[in-house]
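Read the structure below first, then the notes.
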Amino acid sequence: MIQVLLVTICLAVFPYQGSSIILESGNVNDYEVVYPRKITPLPKGAVQPKNPCCDAATCKLTPGAQCAEGLCCDQCKFIKAGKICRRARGDNPDYRCTGQSGDCPRKHFYA
């Protein structure tokens, strides 16, 4: 409720031209002031970096590519099974690439 109220007040007091704003805010509490900030568009003529693993026109992987991103993807190929992609936390063991996906596994499954 407080977050919605602060955002509403903030937008009313600090209106900006344009359709998109980002609110700079962490944990909103009674004493925090939330300030809006404009989204900075790319300069005219600039293009976002091209991903060599992905064909932007078709939204598909390029020929020979196995993956386009992820902690277990390197140069469009799956990283070998067993490579640590995320270190252990608490009682969980290290997370390791499977060799079958560009993504690092989310959970461990025990038999």
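The backbone N, Cα and C atoms fix where each Cβ goes, glycine too.
Noted in Swiss-Prot for the protein shown:
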SIGNAL    1-20  signal peptide
DOMAIN    45-111  domain 'Disintegrin'
DISULFID  Cys53-Cys76  disulfide bond
DISULFID  Cys67-Cys73  disulfide bond
DISULFID  Cys72-Cys97  disulfide bond
DISULFID  Cys85-Cys104  disulfide bond
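Locations of recorded Swiss-Prot features on the structure.
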| residue | record | Cβ within 10 Å |
| --- | --- | --- |
| Cys53 | disulfide bond | 18 |
| Cys67 | disulfide bond | 19 |
| Cys72 | disulfide bond | 25 |
| Cys73 | disulfide bond | 21 |
| Cys76 | disulfide bond | 18 |
| Cys85 | disulfide bond | 18 |
| Cys97 | disulfide bond | 24 |
| Cys104 | disulfide bond | 18 |
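Counting only the Cα atoms, the space from Cys85 (disulfide bond) to Cys73 (disulfide bond) is about 10 angstrom.
Residue counts for the domain 'Disintegrin' (45-111) under DSSP, helix first, then strand, then coil, are 0 helix, 13 strand, 54 coil.
Using Cα positions, the member of the disulfide-bonded residues Cys53, Cys73, Cys76, Cys104 nearest to Cys97 (disulfide bond) is identified as Cys104. Per-residue confidence over the domain 'Disintegrin' (45-111) averages out at a pLDDT of 87. Comparing Cys104 (disulfide bond) with Cys72 (disulfide bond), their Cα atoms are 6 Å apart once rounded. Rounded to the nearest whole angstrom, the C-alpha distance between Cys73 (disulfide bond) and Cys53 (disulfide bond) is 10. In this structure the alpha carbons, written CA, of Cys76 (disulfide bond) and Cys67 (disulfide bond) are 5 Å apart.
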